[in-house]
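**Student:** Supplied in C-alpha coordinates, the structure appears directly below.
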Amino acid sequence: MAAQGFLLIVTFLLVLMVLARPLGSGLARLINDIPLPGTTGVERVLFRVLGVSGLEMNWKQYLSAILGLNMLGLAVLFFMLLGQHYLPLNPQQLPGLSWDLALNTAVSFVTNTNWQSYSGETTLSYFSQMAGLTVQNFLSAASGIAVIFALIRAFTRQSMSTLGNAWVDLLRITLWVLAPVALLIALFFIQQGALQNFLPYQSVTTVEGAQQLLPMGPVASQEAIKMLGTNGGGFFNANSSHPFENPTALTNFVQMLAIFVIPTALCFAFGEVAGERRQGRMLLWAMSVIFVICVGVVMWAEVQGNPHLLALGADSSINMEGKESRFGVLVSSLFAVVTTAASCGAVIAMHDSFTALGGMVPMWLMQIGEVVFGGVGSGLYGMMLFVLLAVFIAGLMIGRTPEYLGKKIDVREMKLTALAILVTPTLVLMGAALAMMTDAGRSAMLNPGPHGFSEVLYAVSSAANNNGSAFAGLSANSPFWNCLLAFCMFVGRFGVIIPVMAIAGSLVSKKSQPASSGTLPTHGPLFVGLLIGTVLLVGALTFIPALALGPVAEYLS
(Lines of atoms letter the chains of each structure in order from A and count residues from 1; the text may use other names and numbers.)
(Lines give C-alpha, C1' and ligand atoms only; values in the text may rest on other atoms or scores of the structure.)
Protein backbone atom coordinates (compact mmCIF):
# COMPACT_ATOMS: atom_id res chain seq x y z
CA MET A 1 0.00 0.00 0.00
CA ALA A 2 2.85 2.40 0.84
CA ALA A 3 4.58 1.70 -2.48
CA GLN A 4 1.33 2.27 -4.38
CA GLY A 5 0.76 5.58 -2.61
CA PHE A 6 4.31 6.74 -3.31
CA LEU A 7 4.02 5.79 -6.99
CA LEU A 8 0.69 7.61 -7.26
CA ILE A 9 2.10 10.84 -5.80
CA VAL A 10 5.26 10.74 -7.93
CA THR A 11 3.34 10.00 -11.14
CA PHE A 12 0.88 12.80 -10.46
CA LEU A 13 3.58 15.39 -9.79
CA LEU A 14 5.71 14.36 -12.78
CA VAL A 15 2.81 14.57 -15.24
CA LEU A 16 1.75 17.86 -13.66
CA MET A 17 5.16 19.47 -14.15
CA VAL A 18 5.38 18.26 -17.76
CA LEU A 19 2.01 19.83 -18.59
CA ALA A 20 2.52 23.04 -16.60
CA ARG A 21 5.89 24.02 -18.05
CA PRO A 22 4.74 24.96 -21.59
CA LEU A 23 1.55 26.51 -20.22
CA GLY A 24 3.72 28.67 -17.97
CA SER A 25 5.60 29.99 -20.99
CA GLY A 26 2.34 31.02 -22.61
CA LEU A 27 1.18 32.76 -19.44
CA ALA A 28 4.52 34.58 -19.23
CA ARG A 29 3.88 36.05 -22.69
CA LEU A 30 0.50 37.35 -21.54
CA ILE A 31 2.00 38.85 -18.38
CA ASN A 32 4.59 40.61 -20.53
CA ASP A 33 1.74 41.91 -22.73
CA ILE A 34 2.91 39.90 -25.74
CA PRO A 35 -0.05 38.50 -27.74
CA LEU A 36 0.03 34.79 -28.47
CA PRO A 37 0.83 33.87 -32.09
CA GLY A 38 -2.14 34.27 -34.43
CA THR A 39 -4.31 36.15 -31.95
CA THR A 40 -3.50 39.77 -32.75
CA GLY A 41 -6.20 40.24 -35.40
CA VAL A 42 -8.92 38.66 -33.30
CA GLU A 43 -7.95 40.77 -30.30
CA ARG A 44 -7.97 43.97 -32.34
CA VAL A 45 -11.53 43.30 -33.55
CA LEU A 46 -12.76 42.33 -30.08
CA PHE A 47 -11.19 45.35 -28.42
CA ARG A 48 -12.81 47.65 -30.98
CA VAL A 49 -16.24 46.02 -30.65
CA LEU A 50 -16.13 46.02 -26.84
CA GLY A 51 -14.65 49.50 -26.57
CA VAL A 52 -11.48 48.37 -24.80
CA SER A 53 -8.84 51.06 -25.20
CA GLY A 54 -5.86 49.01 -24.10
CA LEU A 55 -4.47 51.89 -22.06
CA GLU A 56 -2.69 50.71 -18.94
CA MET A 57 -4.26 51.24 -15.52
CA ASN A 58 -2.92 52.10 -12.10
CA TRP A 59 -3.75 49.75 -9.24
CA LYS A 60 -6.95 51.56 -8.27
CA GLN A 61 -8.29 51.51 -11.82
CA TYR A 62 -7.31 47.86 -12.25
CA LEU A 63 -8.98 46.94 -8.95
CA SER A 64 -12.12 48.92 -9.84
CA ALA A 65 -12.45 47.01 -13.11
CA ILE A 66 -12.12 43.64 -11.36
CA LEU A 67 -14.58 44.60 -8.61
CA GLY A 68 -17.03 46.16 -11.06
CA LEU A 69 -17.15 43.04 -13.23
CA ASN A 70 -17.66 40.79 -10.23
CA MET A 71 -20.36 42.96 -8.66
CA LEU A 72 -22.25 43.05 -11.96
CA GLY A 73 -21.95 39.27 -12.24
CA LEU A 74 -23.20 38.90 -8.67
CA ALA A 75 -26.33 40.95 -9.36
CA VAL A 76 -27.12 39.19 -12.64
CA LEU A 77 -26.68 35.71 -11.16
CA PHE A 78 -28.74 36.55 -8.06
CA PHE A 79 -31.76 37.67 -10.09
CA MET A 80 -31.31 34.80 -12.55
CA LEU A 81 -31.57 32.27 -9.73
CA LEU A 82 -34.56 34.04 -8.17
CA GLY A 83 -36.46 33.94 -11.46
CA GLN A 84 -35.19 30.75 -13.08
CA HIS A 85 -38.80 29.46 -13.45
CA TYR A 86 -39.37 32.26 -16.00
CA LEU A 87 -36.27 31.37 -18.02
CA PRO A 88 -35.79 28.75 -20.76
CA LEU A 89 -34.08 25.33 -20.62
CA ASN A 90 -35.98 24.21 -17.54
CA PRO A 91 -37.51 20.87 -18.61
CA GLN A 92 -38.19 19.80 -15.01
CA GLN A 93 -40.06 23.08 -14.27
CA LEU A 94 -37.88 23.78 -11.24
CA PRO A 95 -38.94 26.84 -9.20
CA GLY A 96 -36.80 29.87 -8.41
CA LEU A 97 -34.55 29.81 -5.36
CA SER A 98 -35.33 31.50 -2.05
CA TRP A 99 -33.64 34.87 -1.57
CA ASP A 100 -31.10 33.57 0.96
CA LEU A 101 -30.13 30.53 -1.12
CA ALA A 102 -29.92 32.66 -4.28
CA LEU A 103 -27.67 35.15 -2.47
CA ASN A 104 -25.46 32.40 -1.07
CA THR A 105 -25.14 30.69 -4.45
CA ALA A 106 -24.47 33.92 -6.36
CA VAL A 107 -21.76 35.02 -3.92
CA SER A 108 -20.36 31.50 -3.91
CA PHE A 109 -19.80 31.28 -7.66
CA VAL A 110 -18.69 34.89 -8.14
CA THR A 111 -16.00 34.45 -5.47
CA ASN A 112 -14.70 31.18 -6.97
CA THR A 113 -15.89 29.31 -3.86
CA ASN A 114 -18.74 27.21 -5.30
CA TRP A 115 -20.13 26.33 -1.88
CA GLN A 116 -23.43 24.56 -2.57
CA SER A 117 -26.26 24.54 -0.02
CA TYR A 118 -28.46 22.80 -2.59
CA SER A 119 -28.61 19.69 -4.74
CA GLY A 120 -27.94 20.69 -8.34
CA GLU A 121 -30.14 18.10 -10.03
CA THR A 122 -33.22 19.01 -7.96
CA THR A 123 -32.72 22.78 -7.66
CA LEU A 124 -31.21 24.36 -10.78
CA SER A 125 -32.34 24.45 -14.41
CA TYR A 126 -30.01 23.87 -17.33
CA PHE A 127 -30.09 27.60 -18.07
CA SER A 128 -29.03 28.49 -14.51
CA GLN A 129 -26.24 25.92 -14.65
CA MET A 130 -24.94 27.12 -18.04
CA ALA A 131 -25.64 30.85 -18.33
CA GLY A 132 -25.28 31.45 -14.61
CA LEU A 133 -22.84 29.15 -12.86
CA THR A 134 -20.60 28.14 -15.77
CA VAL A 135 -20.15 31.75 -16.89
CA GLN A 136 -19.08 32.71 -13.38
CA ASN A 137 -16.71 29.75 -13.30
CA PHE A 138 -14.86 31.39 -16.19
CA LEU A 139 -15.07 34.96 -14.88
CA SER A 140 -14.06 34.21 -11.29
CA ALA A 141 -11.07 32.18 -12.48
CA ALA A 142 -10.05 34.92 -14.92
CA SER A 143 -10.34 37.52 -12.14
CA GLY A 144 -7.97 35.60 -9.87
CA ILE A 145 -5.42 35.13 -12.64
CA ALA A 146 -5.64 38.82 -13.59
CA VAL A 147 -4.81 39.84 -10.00
CA ILE A 148 -1.66 37.70 -9.95
CA PHE A 149 -0.71 39.10 -13.38
CA ALA A 150 -0.81 42.58 -11.84
CA LEU A 151 1.21 41.51 -8.79
CA ILE A 152 3.91 39.82 -10.90
CA ARG A 153 4.22 42.96 -13.02
CA ALA A 154 4.61 44.98 -9.82
CA PHE A 155 7.65 42.92 -8.85
CA THR A 156 9.25 43.07 -12.30
CA ARG A 157 8.54 46.66 -13.38
CA GLN A 158 10.48 49.64 -12.08
CA SER A 159 9.47 53.23 -11.34
CA MET A 160 6.07 52.88 -12.99
CA SER A 161 2.52 53.55 -11.88
CA THR A 162 0.61 51.13 -14.11
CA LEU A 163 -0.01 47.38 -13.85
CA GLY A 164 -1.55 46.58 -17.23
CA ASN A 165 -5.11 46.78 -18.49
CA ALA A 166 -7.62 44.64 -16.59
CA TRP A 167 -10.00 44.26 -19.54
CA VAL A 168 -7.21 43.16 -21.87
CA ASP A 169 -5.95 40.67 -19.29
CA LEU A 170 -9.43 39.27 -18.59
CA LEU A 171 -10.17 38.81 -22.29
CA ARG A 172 -6.85 37.17 -23.05
CA ILE A 173 -7.03 34.86 -20.03
CA THR A 174 -10.56 33.77 -20.92
CA LEU A 175 -10.11 33.45 -24.69
CA TRP A 176 -6.62 32.00 -24.95
CA VAL A 177 -6.17 30.06 -21.69
CA LEU A 178 -9.40 29.02 -20.00
CA ALA A 179 -11.72 28.50 -22.98
CA PRO A 180 -9.47 26.38 -25.24
CA VAL A 181 -8.10 24.19 -22.44
CA ALA A 182 -11.59 23.73 -20.96
CA LEU A 183 -12.90 22.77 -24.41
CA LEU A 184 -10.25 20.06 -24.80
CA ILE A 185 -10.99 18.71 -21.33
CA ALA A 186 -14.75 18.75 -21.95
CA LEU A 187 -14.36 16.81 -25.22
CA PHE A 188 -12.22 14.26 -23.41
CA PHE A 189 -14.84 13.90 -20.66
CA ILE A 190 -17.58 13.37 -23.27
CA GLN A 191 -15.48 10.71 -24.99
CA GLN A 192 -15.05 8.96 -21.64
CA GLY A 193 -18.78 8.95 -20.92
CA ALA A 194 -19.68 12.21 -19.16
CA LEU A 195 -23.12 13.62 -20.01
CA GLN A 196 -23.61 16.54 -22.39
CA ASN A 197 -27.22 16.97 -23.49
CA PHE A 198 -30.40 18.99 -22.95
CA LEU A 199 -32.80 16.06 -22.54
CA PRO A 200 -35.46 15.92 -19.85
CA TYR A 201 -34.68 13.61 -16.96
CA GLN A 202 -35.04 9.97 -18.03
CA SER A 203 -37.23 7.43 -16.25
CA VAL A 204 -35.63 3.98 -16.43
CA THR A 205 -36.32 0.53 -15.04
CA THR A 206 -33.58 -0.81 -12.77
CA VAL A 207 -32.41 -4.43 -12.65
CA GLU A 208 -34.70 -4.92 -9.64
CA GLY A 209 -37.68 -3.76 -11.68
CA ALA A 210 -38.10 -0.43 -9.86
CA GLN A 211 -38.45 2.94 -11.60
CA GLN A 212 -35.64 5.49 -11.26
CA LEU A 213 -35.35 9.04 -12.58
CA LEU A 214 -31.92 9.74 -14.07
CA PRO A 215 -30.88 13.41 -14.26
CA MET A 216 -29.53 14.69 -17.56
CA GLY A 217 -27.90 17.95 -18.61
CA PRO A 218 -24.86 19.75 -20.10
CA VAL A 219 -22.47 18.28 -17.55
CA ALA A 220 -19.11 17.91 -19.33
CA SER A 221 -18.85 21.57 -20.35
CA GLN A 222 -19.37 22.70 -16.75
CA GLU A 223 -17.18 19.95 -15.32
CA ALA A 224 -14.17 21.03 -17.38
CA ILE A 225 -14.04 24.66 -16.20
CA LYS A 226 -15.13 23.58 -12.72
CA MET A 227 -11.79 21.78 -12.36
CA LEU A 228 -9.56 23.97 -14.54
CA GLY A 229 -10.72 27.16 -12.82
CA THR A 230 -10.47 25.57 -9.35
CA ASN A 231 -14.17 26.31 -8.89
CA GLY A 232 -15.42 22.95 -7.65
CA GLY A 233 -19.21 23.26 -7.75
CA GLY A 234 -20.74 20.04 -9.05
CA PHE A 235 -23.58 19.69 -11.55
CA PHE A 236 -24.89 16.96 -9.27
CA ASN A 237 -25.08 16.78 -5.49
CA ALA A 238 -22.53 13.94 -5.39
CA ASN A 239 -20.04 16.17 -7.25
CA SER A 240 -17.14 14.32 -8.90
CA SER A 241 -18.03 11.03 -7.24
CA HIS A 242 -21.04 10.91 -9.61
CA PRO A 243 -20.30 8.72 -12.66
CA PHE A 244 -22.07 11.20 -14.96
CA GLU A 245 -19.48 13.84 -13.94
CA ASN A 246 -16.44 11.62 -13.46
CA PRO A 247 -17.01 8.34 -15.29
CA THR A 248 -13.58 6.65 -15.25
CA ALA A 249 -10.31 6.47 -13.36
CA LEU A 250 -8.69 8.31 -16.27
CA THR A 251 -11.10 11.25 -16.07
CA ASN A 252 -10.46 11.33 -12.33
CA PHE A 253 -6.70 11.64 -12.90
CA VAL A 254 -7.27 14.36 -15.50
CA GLN A 255 -9.52 16.23 -13.08
CA MET A 256 -6.78 16.29 -10.44
CA LEU A 257 -4.27 17.52 -13.02
CA ALA A 258 -6.70 20.19 -14.22
CA ILE A 259 -7.03 21.56 -10.68
CA PHE A 260 -3.28 22.09 -10.29
CA VAL A 261 -2.08 22.82 -13.82
CA ILE A 262 -2.71 26.59 -13.92
CA PRO A 263 -1.45 27.29 -10.36
CA THR A 264 1.71 25.34 -11.20
CA ALA A 265 2.10 27.06 -14.57
CA LEU A 266 1.83 30.46 -12.88
CA CYS A 267 4.87 29.62 -10.75
CA PHE A 268 6.85 28.84 -13.90
CA ALA A 269 5.53 32.03 -15.51
CA PHE A 270 6.60 34.07 -12.48
CA GLY A 271 10.15 32.78 -12.78
CA GLU A 272 10.29 33.58 -16.49
CA VAL A 273 8.90 37.09 -16.14
CA ALA A 274 11.20 37.82 -13.19
CA GLY A 275 14.17 36.80 -15.36
CA GLU A 276 15.21 34.21 -12.77
CA ARG A 277 13.51 30.87 -13.12
CA ARG A 278 14.93 29.78 -9.77
CA GLN A 279 12.40 32.06 -8.08
CA GLY A 280 9.52 30.11 -9.59
CA ARG A 281 11.14 26.78 -8.76
CA MET A 282 11.62 27.94 -5.16
CA LEU A 283 7.87 28.47 -4.81
CA LEU A 284 7.14 25.09 -6.38
CA TRP A 285 9.55 23.33 -4.02
CA ALA A 286 7.94 24.92 -0.98
CA MET A 287 4.45 24.04 -2.19
CA SER A 288 5.42 20.50 -3.19
CA VAL A 289 7.06 19.68 0.15
CA ILE A 290 3.96 20.68 2.12
CA PHE A 291 1.73 18.93 -0.40
CA VAL A 292 3.57 15.60 -0.28
CA ILE A 293 3.65 15.59 3.52
CA CYS A 294 -0.09 16.30 3.69
CA VAL A 295 -0.94 13.58 1.16
CA GLY A 296 1.19 11.12 3.11
CA VAL A 297 -0.56 11.93 6.39
CA VAL A 298 -4.05 11.55 4.90
CA MET A 299 -3.16 8.28 3.17
CA TRP A 300 -1.66 6.92 6.40
CA ALA A 301 -4.71 7.95 8.42
CA GLU A 302 -7.20 6.42 5.99
CA VAL A 303 -5.46 3.05 5.54
CA GLN A 304 -5.45 2.60 9.33
CA GLY A 305 -9.18 2.01 9.27
CA ASN A 306 -11.97 3.59 11.27
CA PRO A 307 -11.28 3.13 15.00
CA HIS A 308 -14.99 3.42 15.86
CA LEU A 309 -15.86 0.52 13.56
CA LEU A 310 -12.96 -1.50 14.91
CA ALA A 311 -14.23 -0.92 18.44
CA LEU A 312 -17.58 -2.43 17.41
CA GLY A 313 -15.86 -5.51 16.01
CA ALA A 314 -16.57 -4.61 12.37
CA ASP A 315 -14.03 -5.25 9.63
CA SER A 316 -12.31 -1.93 9.01
CA SER A 317 -8.82 -2.70 7.78
CA ILE A 318 -9.04 0.50 5.72
CA ASN A 319 -11.51 3.37 6.00
CA MET A 320 -13.81 2.94 3.00
CA GLU A 321 -16.76 4.77 4.55
CA GLY A 322 -17.90 7.57 2.25
CA LYS A 323 -15.54 6.58 -0.57
CA GLU A 324 -16.18 5.43 -4.11
CA SER A 325 -15.10 1.81 -4.54
CA ARG A 326 -14.07 2.77 -8.09
CA PHE A 327 -11.29 4.95 -6.72
CA GLY A 328 -10.35 3.49 -3.35
CA VAL A 329 -8.59 4.97 -0.34
CA LEU A 330 -5.32 6.16 -1.88
CA VAL A 331 -6.83 8.02 -4.83
CA SER A 332 -9.55 9.48 -2.61
CA SER A 333 -6.90 10.71 -0.17
CA LEU A 334 -4.86 12.31 -2.96
CA PHE A 335 -7.95 13.98 -4.42
CA ALA A 336 -8.98 15.33 -1.00
CA VAL A 337 -5.59 17.01 -0.53
CA VAL A 338 -5.50 18.33 -4.11
CA THR A 339 -8.96 19.88 -3.87
CA THR A 340 -8.30 21.59 -0.52
CA ALA A 341 -4.72 22.63 -1.23
CA ALA A 342 -6.24 24.42 -4.21
CA SER A 343 -9.40 26.47 -3.80
CA CYS A 344 -11.37 23.89 -5.75
CA GLY A 345 -13.60 22.01 -3.33
CA ALA A 346 -14.70 19.29 -5.75
CA VAL A 347 -14.84 15.89 -4.06
CA ILE A 348 -14.85 12.19 -4.95
CA ALA A 349 -15.27 11.11 -1.32
CA MET A 350 -17.17 12.46 1.65
CA HIS A 351 -14.66 14.36 3.79
CA ASP A 352 -17.06 14.09 6.72
CA SER A 353 -16.42 10.33 6.74
CA PHE A 354 -12.63 10.61 6.85
CA THR A 355 -10.89 9.70 10.08
CA ALA A 356 -10.23 12.51 12.55
CA LEU A 357 -6.67 13.10 11.32
CA GLY A 358 -7.57 12.39 7.70
CA GLY A 359 -10.23 15.11 7.81
CA MET A 360 -8.08 17.56 9.76
CA VAL A 361 -5.44 17.85 7.03
CA PRO A 362 -7.81 19.12 4.29
CA MET A 363 -9.32 21.52 6.83
CA TRP A 364 -5.88 22.85 7.80
CA LEU A 365 -4.83 23.27 4.16
CA MET A 366 -7.78 25.60 3.70
CA GLN A 367 -7.09 27.44 6.93
CA ILE A 368 -3.53 28.41 5.95
CA GLY A 369 -5.01 30.23 2.97
CA GLU A 370 -4.82 27.53 0.28
CA VAL A 371 -1.32 28.60 -0.65
CA VAL A 372 -0.09 25.07 -1.47
CA PHE A 373 -0.51 25.46 -5.25
CA GLY A 374 -3.85 27.06 -4.38
CA GLY A 375 -6.54 28.45 -6.63
CA VAL A 376 -5.92 29.90 -10.07
CA GLY A 377 -4.18 33.17 -9.27
CA SER A 378 -5.30 33.28 -5.64
CA GLY A 379 -2.92 30.51 -4.60
CA LEU A 380 0.16 32.30 -5.91
CA TYR A 381 -0.75 35.76 -4.65
CA GLY A 382 -1.54 34.15 -1.29
CA MET A 383 1.87 32.47 -1.22
CA MET A 384 3.53 35.74 -2.24
CA LEU A 385 2.10 37.28 0.93
CA PHE A 386 3.93 34.62 2.92
CA VAL A 387 7.07 35.26 0.86
CA LEU A 388 6.96 38.92 1.88
CA LEU A 389 6.40 37.91 5.50
CA ALA A 390 9.31 35.45 5.36
CA VAL A 391 11.57 38.11 3.84
CA PHE A 392 10.53 40.52 6.59
CA ILE A 393 11.31 37.97 9.33
CA ALA A 394 14.67 37.21 7.74
CA GLY A 395 15.44 40.93 7.54
CA LEU A 396 14.77 41.28 11.25
CA MET A 397 17.10 38.38 12.01
CA ILE A 398 20.03 39.72 10.00
CA GLY A 399 19.43 43.41 10.71
CA ARG A 400 18.77 44.52 7.13
CA THR A 401 15.86 46.19 5.41
CA PRO A 402 13.88 43.33 3.85
CA GLU A 403 13.84 43.16 0.07
CA TYR A 404 12.55 40.78 -2.56
CA LEU A 405 13.65 40.73 -6.20
CA GLY A 406 15.64 43.86 -5.47
CA LYS A 407 12.67 45.84 -4.16
CA LYS A 408 12.70 47.02 -0.58
CA ILE A 409 9.73 45.94 1.51
CA ASP A 410 8.72 48.91 3.64
CA VAL A 411 6.22 49.49 6.44
CA ARG A 412 3.32 50.07 4.05
CA GLU A 413 3.79 46.73 2.30
CA MET A 414 4.10 44.86 5.60
CA LYS A 415 0.95 46.43 7.03
CA LEU A 416 -0.97 45.45 3.91
CA THR A 417 0.56 41.96 3.98
CA ALA A 418 -0.46 41.47 7.60
CA LEU A 419 -3.96 42.72 6.82
CA ALA A 420 -4.36 40.33 3.88
CA ILE A 421 -3.06 37.34 5.85
CA LEU A 422 -5.33 38.06 8.83
CA VAL A 423 -8.58 38.48 6.88
CA THR A 424 -9.48 34.81 6.52
CA PRO A 425 -8.38 33.60 9.99
CA THR A 426 -10.51 36.36 11.53
CA LEU A 427 -13.52 35.30 9.47
CA VAL A 428 -13.02 31.62 10.30
CA LEU A 429 -12.62 32.00 14.04
CA MET A 430 -15.30 34.65 14.51
CA GLY A 431 -17.70 32.88 12.17
CA ALA A 432 -17.29 29.55 13.95
CA ALA A 433 -17.71 31.24 17.33
CA LEU A 434 -20.89 32.99 16.18
CA ALA A 435 -22.33 29.73 14.86
CA MET A 436 -21.60 27.89 18.11
CA MET A 437 -23.12 30.71 20.18
CA THR A 438 -26.49 30.68 18.41
CA ASP A 439 -29.29 28.14 18.23
CA ALA A 440 -29.56 28.71 14.48
CA GLY A 441 -25.91 27.75 14.07
CA ARG A 442 -25.90 24.72 16.37
CA SER A 443 -29.16 23.30 15.03
CA ALA A 444 -27.51 22.57 11.68
CA MET A 445 -25.01 20.14 13.23
CA LEU A 446 -25.72 16.48 12.51
CA ASN A 447 -23.27 15.19 15.10
CA PRO A 448 -22.66 16.25 18.70
CA GLY A 449 -19.30 16.71 20.40
CA PRO A 450 -15.94 17.33 18.70
CA HIS A 451 -17.06 16.08 15.29
CA GLY A 452 -20.05 18.42 15.29
CA PHE A 453 -17.72 21.34 16.01
CA SER A 454 -15.45 20.10 13.22
CA GLU A 455 -18.40 20.31 10.81
CA VAL A 456 -18.95 23.94 11.77
CA LEU A 457 -15.24 24.84 11.66
CA TYR A 458 -14.81 23.13 8.29
CA ALA A 459 -17.78 24.97 6.77
CA VAL A 460 -16.60 28.42 7.84
CA SER A 461 -12.99 27.61 6.86
CA SER A 462 -14.18 26.47 3.44
CA ALA A 463 -16.30 29.58 2.87
CA ALA A 464 -13.79 32.16 4.12
CA ASN A 465 -10.97 30.63 2.06
CA ASN A 466 -13.15 30.23 -1.05
CA ASN A 467 -12.86 26.44 -1.23
CA GLY A 468 -16.44 25.19 -1.22
CA SER A 469 -16.03 21.63 0.04
CA ALA A 470 -17.89 20.58 3.17
CA PHE A 471 -18.25 18.13 6.00
CA ALA A 472 -21.64 17.23 4.60
CA GLY A 473 -23.19 16.51 7.99
CA LEU A 474 -23.93 20.22 8.33
CA SER A 475 -27.44 21.20 7.17
CA ALA A 476 -26.44 24.59 5.82
CA ASN A 477 -29.49 25.57 3.76
CA SER A 478 -31.03 27.98 6.26
CA PRO A 479 -31.17 31.80 6.31
CA PHE A 480 -28.58 31.94 9.11
CA TRP A 481 -26.02 29.72 7.41
CA ASN A 482 -26.65 31.04 3.90
CA CYS A 483 -26.07 34.63 5.06
CA LEU A 484 -23.12 33.84 7.34
CA LEU A 485 -21.29 31.84 4.69
CA ALA A 486 -22.10 34.39 1.97
CA PHE A 487 -20.51 37.11 4.11
CA CYS A 488 -17.44 34.95 4.77
CA MET A 489 -17.06 34.11 1.07
CA PHE A 490 -17.41 37.72 -0.06
CA VAL A 491 -15.00 39.24 2.48
CA GLY A 492 -12.62 36.28 2.21
CA ARG A 493 -12.27 36.88 -1.53
CA PHE A 494 -12.27 40.65 -1.94
CA GLY A 495 -10.85 41.42 1.50
CA VAL A 496 -7.64 39.77 0.30
CA ILE A 497 -7.67 41.02 -3.30
CA ILE A 498 -7.88 44.69 -2.24
CA PRO A 499 -4.69 44.75 -0.09
CA VAL A 500 -2.89 42.57 -2.66
CA MET A 501 -3.63 45.15 -5.35
CA ALA A 502 -2.55 47.94 -2.99
CA ILE A 503 0.76 46.09 -2.45
CA ALA A 504 1.15 45.83 -6.22
CA GLY A 505 0.54 49.56 -6.60
CA SER A 506 3.20 50.32 -4.03
CA LEU A 507 5.84 47.93 -5.40
CA VAL A 508 5.49 48.88 -9.07
CA SER A 509 6.66 52.43 -8.32
CA LYS A 510 9.94 51.28 -6.74
CA LYS A 511 13.31 50.71 -8.32
CA SER A 512 15.05 47.36 -8.13
CA GLN A 513 18.33 47.48 -6.24
CA PRO A 514 21.23 45.28 -7.39
CA ALA A 515 22.01 42.34 -5.14
CA SER A 516 24.88 42.78 -2.69
CA SER A 517 26.82 40.50 -0.38
CA GLY A 518 24.25 41.14 2.35
CA THR A 519 21.22 40.31 0.21
CA LEU A 520 19.28 37.27 1.37
CA PRO A 521 19.09 34.70 -1.47
CA THR A 522 15.43 33.86 -2.07
CA HIS A 523 15.88 30.93 -4.41
CA GLY A 524 17.79 28.33 -2.39
CA PRO A 525 16.86 25.58 0.06
CA LEU A 526 17.43 27.89 3.05
CA PHE A 527 14.69 30.26 1.93
CA VAL A 528 12.43 27.34 0.97
CA GLY A 529 12.74 26.12 4.55
CA LEU A 530 12.11 29.62 5.90
CA LEU A 531 9.02 30.00 3.72
CA ILE A 532 7.62 26.62 4.76
CA GLY A 533 8.32 27.48 8.39
CA THR A 534 6.49 30.79 8.05
CA VAL A 535 3.42 29.11 6.55
CA LEU A 536 3.41 26.42 9.23
CA LEU A 537 4.03 28.88 12.05
CA VAL A 538 1.20 31.19 11.07
CA GLY A 539 -1.15 28.24 10.57
CA ALA A 540 -0.17 26.63 13.87
CA LEU A 541 -0.42 29.75 15.99
CA THR A 542 -3.77 30.72 14.51
CA PHE A 543 -5.70 27.48 14.37
CA ILE A 544 -4.25 24.94 16.82
CA PRO A 545 -6.67 25.95 19.63
CA ALA A 546 -9.68 25.54 17.32
CA LEU A 547 -8.37 22.29 15.85
CA ALA A 548 -7.75 20.99 19.36
CA LEU A 549 -11.48 21.36 20.10
CA GLY A 550 -12.46 19.53 16.91
CA PRO A 551 -10.45 16.88 15.08
CA VAL A 552 -7.70 16.55 17.70
CA ALA A 553 -10.23 15.99 20.49
CA GLU A 554 -12.09 13.51 18.28
CA TYR A 555 -8.87 11.61 17.58
CA LEU A 556 -8.00 11.41 21.27
CA SER A 557 -11.50 10.40 22.37
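In case you wondered, yes, glycine gets a Cβ from its N, Cα and C as well.
Swiss-Prot lists 5-25, 63-83, 132-152, 170-190, 253-273, 283-303, 329-349, 356-376, 379-399, 416-436, 484-504, 526-546 with the feature transmembrane segment, giving sequence analysis as the kind of evidence.
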**Student:** Do at least three CB pairs under 8 A connect the transmembrane segment (132-152) and the transmembrane segment (484-504), leaving out pairs fewer than 6 apart in sequence?
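**Tutor:** Yes, since the transmembrane segment (484-504) and the transmembrane segment (132-152) share at least 3 Cβ pairs closer than 8 Å, they count as touching.
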**Student:** May I ask for the residues of the chain that lie six or more residues beyond the transmembrane segment (253-273) and have a Cβ under 8 Å from a Cβ within it?
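**Tutor:** For the transmembrane segment (253-273), the list is 12, 15-17, 19-21, 23-28, 31-32, 141, 145, 148, 152-153, 156, 177, 181, 185, 188-189, 223-224, 227-230, 240, 246, 279-281, 283-284, 287, 334-335, 338-339, 342, 344, 346, 373-377, 379-380.
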**Student:** When you look at the transmembrane segment (5-25) alongside the transmembrane segment (132-152), do they share 3+ Cβ pairs under 8 Å, ignoring any pair fewer than 6 residues apart in sequence?
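**Tutor:** Stretch pair does not touch.
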**Student:** Are there residues at least 6 beyond the ends of the transmembrane segment (283-303) whose Cβ is under 8 Å from a Cβ of it, and what are they?
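**Tutor:** Distant contacts of the transmembrane segment (283-303): 1, 5, 9, 13, 264, 267-268, 270, 318-319, 329-330, 332-334, 336-337, 341, 354-358, 361-362, 365, 371-373, 380, 383, 387, 525, 528, 531-532, 535-536.
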**Student:** Out of 5-25, 63-83, 170-190, 416-436, which stretch has the largest tally of CB pairs under 8 angstroms to the transmembrane segment (329-349)?
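**Tutor:** Counting Cβ pairs under 8 Å, the winner is 5-25.
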**Student:** Checking distant contacts: for the transmembrane segment (416-436), what same-chain residues at least six beyond its ends satisfy Cβ-Cβ under 8 A?
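**Tutor:** Distal contacts: 367, 369, 385-386, 388-389, 392, 442, 444, 453, 456-457, 460-461, 463-465, 481, 484, 488, 491-492, 495-496, 499-500, 502-503, 506, 538, 542-543, 546.
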**Student:** Is the number of Cβ-Cβ pairs under 8 Å between the transmembrane segment (526-546) and the transmembrane segment (170-190) three or more, considering only pairs separated by 6 or more positions?
**Tutor:** no
**Student:** In the same chain, which residue numbers or ranges, 6 or more beyond the ends of the transmembrane segment (63-83), come under 8 angstroms Cβ to Cβ?
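**Tutor:** Residues packing against the transmembrane segment (63-83) from afar: 57, 96-97, 99, 101-103, 105-107, 109-111, 124, 127-128, 131-133, 135-136, 139-140, 143, 146-147, 166-167, 170, 494, 497-498, 501.
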